[in-house]
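Working notes for the structure below.
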């Protein structure tokens, strides 16, 4: 049996692998676009491949499936929330730099907090007000620090992706905590795939890649920026706890910025870098919960602790592993 220190180190490594996988999605998407593939086509294939692999995991683990209202909620989250959010985010990647799109997307945690306060699900306190106050100038610096002319549509799509994701998380927070996390992921991805098929067919926007490499890049997007990060985050979160996993996931935008700079030579201006750091500071402030603070809405794939559905009894897990954490890793983008 591994020592607590080695277990914690392995868990941290898995969380960082998850963050890196999500951060590299901009590279996979942009390389797919370079082969002539359209956004809807890429997302249709991505969701279908990811759903198939996740269902294989479900078949191997054989957990209980969601039913009734929970199932309908999962279907709605995938068909509407996940599909719309992905179309906005990956649509923005076709119009603006991946580094800017990733940082704009990461404004979703303050948006979740604002929604929770508006719905009176969270109290207004100094910590939340400080985070919201930081996020506003951070976004303004990102937008005013050198966005190239004609990129307004990409910026709006990235912000729409953040807003859609914030709503998605707020709805997902109502799911029963006993649901199996990978099963929820499979249902969400399947619903998103069906939604993308209908959208693509209805709009006549099926635009396959002109080169075979486009299919390879799309498959890598599904595997290395969807399934692998989801599984790694689940395993890592169980080892280090939700709070630590949430903080480690902040490596995601850093990976996006570094990878697009390395591959495409994208560079953020000094003002945009400062704005991005301020936004991440706001996210960090929100991630630090006071002892005894009840959990707030968070991402559906991070909010349910794994390991409680085994047919044989297991040891009782620490409370922090089963507690929702608002600003956890991005598991659905």
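All positions are counted from 1 along the displayed chain.
The backbone N, Cα and C atoms fix where each Cβ goes, glycine too.
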Which stretch does TrEMBL mark as transmembrane segment, out of 19-38, 39-58? 39-58
Taking 39-58, 98-117, 129-147, 182-202 as candidates, which has the most Cβ pairs under 8 Å with the transmembrane segment (153-175)? 98-117
Please indicate, using numbers and ranges, the residues of the same chain that are 6 or more beyond the transmembrane segment (129-147) and have a C-beta under 8 Å from a C-beta there. 96, 100, 103-104, 107, 109-110, 113-114, 155, 159, 268-279, 281-283, 285-286
Averaged over the domain 'EamA' (153-287), what pLDDT does the predicted model reach? 92
Considering the transmembrane segment (182-202), which listed stretch of 39-58, 247-264, 270-288 counts the most C-beta pairs under 8 Å: 39-58
Applying the under-8 angstroms CB criterion, which one of 39-58, 98-117, 247-264 scores highest with the transmembrane segment (214-235)? 39-58
Any residues 6+ beyond the ends of the transmembrane segment (98-117) with a Cβ under 8 Å from its own? 23, 26-27, 29-30, 89, 92, 123-124, 128, 131-132, 135, 138-139, 142, 147, 154-155, 158-159, 161-163, 165-167, 169-170, 252-253, 256-257, 259-261, 264, 266, 268, 272, 275-276, 279-280, 282-283, 286-287, 296-298, 326-327, 330, 333
